[in-house]
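A.B. asks: Before anything else, here's the structure in question.
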Amino acid sequence: MTLHPTWLEPVERLVDAGGMVLVVLAGVAVLVFSMAVERFWFYRLSWRPARRQLVRYWAARRDHQSWSARTLRDVWADALIARLGRPLPWLKLLVALCPLLGLLGTVTGMISVFDSLALSDTGQARAMADGVARATLPTLTGMAIAVVGLLFISRLEHVIRREEQRLHDRLAQALENRELALQAREEKDA
Amino acid sequence: MSRFRWMTLPVVAAALLMSLAGTAQAQTAPDVDSLRQARQAAEMRDRQRLLTLLDDQKALESALADAREAHARASRQDAALRIEEAVRALSAARLESRRSDQDDRLAGLLSALARHSSEVRNALGDDSWLTLGDTPLPPRLDDAEVLEQRHLEDVVDSLAALTRATGQATAMTLPVVEPGGDVRKREVVRLGDFAAFTPDALLARSGAGESPALEPDTPKEVSRWLADYASGEDRTLAVDPTRGSVLEALTQRPTLGQRFHQGGYVGYVVVTLGALGLLAAALQYAYLLLVSARVRRQRRAPDTLRSNNPLGRVLLRFARLDKAQPPEALEARLDEAVLAELPRLERGQPLVKLLAAIAPLLGLLGTVTGMIVTFQAITVFGTGDPQLMAGGISQALVTTVLGLVTAVPLLFAQTALSSRSRALIQLIEGQASAALATHLEAQSPEGAAEGGHDPAPHLA
């Protein structure tokens, strides 16, 4: 028997009470949170420079009005936005998985309840309590993780929508600024 | 006086009989005359005797006095004997009452001792590990008619030996019944009355006088502990404190495979569908990986268009187009080319999605049918056996578990497929639009140098 460090003891007790499903759910929760943190840092570190670069590149073009220019602008903007939302399907999958796993834990817990009922002659409350904890804890955990994950998803979707608008806004603004600068130079030249 | 007369009469009668017999023997050839003569002779003789007796009056008197004296002596003696008898009877009654008094107590004591000794034996002997070795059980006291000192000493000695044995770990070699029924000598470690085990399996308790049997389903972890313990490497040990019922429960607990088979036909169908879906998803994902590798190579070499990837095919089709058309018409043709590529990239996704949705439903179906079977069993057999019901319900729930377990990887596969194919499609559409725009700009006089460069980092 391996000795666990003392700080792992509550985790061990939780696993004892909730069964293997709880461990899987904990893994899902870790994935969800790490994805959320990763998106946050991506938004902070990579997204803004990439957006600025695209705006600069767009403003540096000579042709902005033709069909092809507009098509190119849409393609580039879409590709950039797609980068922001790339882990969204996986986040959605994980969130959808949580209640499913909770249900799985509930059903396995119920099986253990009925097993203990079938094995012990009388319906001993103590024999059932273990299984009932195993049946209820995963559902609770699954719901909690799913709710938090839904918050992340809605936030991310909101950010994507906002950033899409902002990108197009910035692209248009860059043109206007350029026009204004050109006009100012012409006036100055004149 | 009367006694005297009774004593004399038989003497007379005997004399008469004797004389009769003597005459009868003498007259071997009887005839009437000789008989009569004989009778007359006898009468004569008797009369003669009586006369002599009458003459001897004095002798008679003295004989009577002797007899009276003897009688008085005898009656005195009789009275003394009666008194003695009464005294004896009194003391006998006293002794009897004392004896019965003590007898009750002694019999009670003996029976209580016998009962306790047999109780101790029963409590220890039926399925105790202590009887495995050479530790003697306390002897039975039922057979003992009279309790003696050594009986009690035996009981106390064997009890003391048993008590000592409860605190000892003993290794011994004993015949052990194996699961197949063979009896073989094995190394056995006995830990007091708690457990007995061979180095790789626990032993099941058995009745008195029988060899212990190997537990058929010793948990793997436990048997590892036992081996370590027996070899002295570890001090961790599994003990069944319920005297065998936990081990029995462990034996009855179905393994993972048995659980799977409990699901029945619905379970098989669910798992088969899940396996099919996963297979399809794996094949399609491998295809998508191949395609994205080819697309990446195509993007690195934009000048040589290959027809082995969707991007190359779309661009080839665009290159063969009549470029004199207006841009809208060109875009419509390009969209057609992209649309033609979609089915191959999105192949398999609807199937996987459908299976992921169906698996939990089928599992639920199995649960409901299992419940119906359970309740039918209850209708037939009544609710007298809750174990029957519980077993049926836990069987019914297995299909739900199978459905959920099948749905989870299918959902993963579906997400992986859709995200990869969507990324690919987006890339192809973007590249096609970029190619069109580049072409148009190349035709227009001002933007010849721009457009081909893609500022967005590559996808997929």
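Just so it is clear, glycine is given a Cβ too, placed from its N, Cα and C backbone atoms.
No curator has checked TrEMBL annotations; they are predicted automatically.
Sharing the feature lines straight out of TrEMBL:
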type	residues	note
SIGNAL	B:1-26	signal peptide
TRANSMEM	B:265-290	transmembrane segment
DOMAIN	B:309-429	domain 'MotA/TolQ/ExbB proton channel'
TRANSMEM	B:354-381	transmembrane segment
TRANSMEM	B:393-412	transmembrane segment
A.B. asks: Using a Cβ cut-off under 8 Å, which residues of the same chain at least 6 positions beyond either end of the transmembrane segment (B:354-381) come close to it?
C.D. replies: 263-264, 266-267, 269-270, 273-274, 276-277, 388-389, 392-393, 395-404, 406-407, 410-411, 413-414
A.B. asks: Taking all residues of the domain 'MotA/TolQ/ExbB proton channel' (B:309-429) together, what is their mean pLDDT?
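C.D. replies: Mean pLDDT, the domain 'MotA/TolQ/ExbB proton channel' (B:309-429): 87.
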A.B. asks: Going by DSSP, how much of the domain 'MotA/TolQ/ExbB proton channel' (B:309-429) is helix, how much is strand and how much is coil, in residues?
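C.D. replies: The counts are 107 helix, 0 strand, 14 coil.
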